[in-house]
Amino acid sequence: MSSSYDEASLAPEETTDSFWEVGNYKRTVKRIDDGHRLCNDLMNCVQERAKIEKAYGQQLTDWAKRWRQLIEKGPQYGSLERAWGAIMTEADKVSELHQEVKNNLLNEDLEKVKNWQKDAYHKQIMGGFKETKEAEDGFRKAQKPWAKKMKELEAAKKAYHLACKEEKLAMTREMNSKSEQSVTPEQQKKLQDKVDKCKQDVQKTQEKYEKVLEDVGKTTPQYMENMEQVFEQCQQFEEKRLVFLKEVLLDIKRHLNLAENSSYIHVYRELEQAIRGADAQEDLRWFRSTSGPGMPMNWPQFEEWNPDLPHTTTKKEKQPKKAEGVALTNATGAVESTSQAGDRGSVSSYDRGQPYATEWSDDESGNPFGGSEANGGANPFEDDSKGVRVRALYDYDGQEQDELSFKAGDELTKLGEEDEQGWCRGRLDSGQLGLYPANYVEAI
């Protein structure tokens, strides 16, 4: 029996994951198909980013439009108003830049990948790509002779291992027969002949196994050379894809990186100049001259009566009757419109064009605090018959000095209809006057 024989050698040979094993070239072939799919993935990636750029640009435009209108209608004035408005201008310009990013991504980067993919991969009528089939055929042709030798080698090895197994079994039987009295000399001779025959089979199969192994060793260099040649062709194809996609990614980076865009830098240079141009003293002087002590005034002068002139209507007579929009603020008797009272500190609810009370008179006919009945201008807050009793549905804590506070279930007197801002005038049983949310009460 061959001394190199071991029963472990009868176990199935473990296949390795090496490229040189039969069929393991398929990973290299699959890489070609993967390259085509990765081009599609990159185009989808770019397309999604373009959608994000477009949406962000539109959001900036909408935001700038809304706030530009609010600022124009709001109370801010002068150079600071212009500085604030410059933020909206920045948004519009940046929006345009993001739209440019979107256009560059779609019209340049995506189209570049699409055209390269079309030139690099050629579809076949029967499916798949020409490049994939060429690689598959090249590897198969290079591997075919060696694969045939490997098949012969596997068969020779299997025959040799089987002969060794038979030899060991025959020797075991022959040795056991010597200790058994029932075995005749003739049977003993047959067992010995079997052992001799098995030894001859082992010798023959070993010689054949070694010869085939030698042949495989001789064909291996040529096999490796042929496989390397096909593999290098695949490497060159893949190198083109890798280099190309790297260039595309750099183009994408250049289009996305607004920090290196001269127009983007110019936008913020202009914005900073606009903000630094705001001058508090200039704004204060402007307000003084247009809404403060610096305004011109037609001071009262003695005017002779002229019977030939028509009756001159005073400003008070021309002034339209105040709507229900008069609200008492506190015990000092200050008055403000309900539209102003309804504005709770947000410029979005402010209207620069809203009217302001420009007339003041101690004439009780126009003074809601006057109590004389002779002038027909009785205080509406002093007569319960002119109010409506209501009950609070919820607790409310006044946020401003002109607002009432009450608890759910408290009763008070409603002294006017709900204004456009959702507020009503009312009076608590304690006599306090003020505003409250109209939807916080119900009629009794």
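Including glycine, each Cβ sits where the backbone N, Cα and C put it.
What Swiss-Prot records for S2, S79, S346, S348, S349, S361, S365, S405, S430 is phosphoserine, and it gives similarity to another entry as the kind of evidence. Residues or ranges marked as domain 'F-BAR' in Swiss-Prot: 13-283. Annotation source Swiss-Prot lists coiled coil at 26-275. What Swiss-Prot records for T184 is phosphothreonine. Residues or ranges marked as compositional bias 'Basic and acidic residues' in Swiss-Prot: 314-324. Per Swiss-Prot, compositional bias 'Polar residues' is recorded for 329-351. For 385-444, the entry in Swiss-Prot reads domain 'SH3'. What Swiss-Prot lists as phosphotyrosine is Y394.
In this structure, of the modified residues T184, S405, S430, the smallest number of CB atoms within 10 A of the CB marks S430. Here the domain 'SH3' (385-444) returns a mean pLDDT of 90 for the predicted model.
For Y394 (phosphotyrosine), the number of other Cβ atoms no farther than 10 Å from its own Cβ, over all displayed protein chains, is 12. Distance noted between the C-alpha atoms of S405 (phosphoserine) and the residue listed as 'phosphotyrosine' is 11 Å. In the three-state DSSP classification, S79 (phosphoserine) falls within a helix. Put simply, Y394 (phosphotyrosine) is 118 Å from T184 (phosphothreonine) when counted between their Cα atoms. DSSP assigns S405 (phosphoserine) to coil in the three-state reduction, placing it in neither a helix nor a strand. According to DSSP, the domain 'SH3' (385-444) comprises 5 helix, 26 strand, 29 coil.
Neighbour list (S79 (phosphoserine), Cβ cut-off 8 Å, at least 6 residues apart, same chain): G277, A278, D279, E282, D283.
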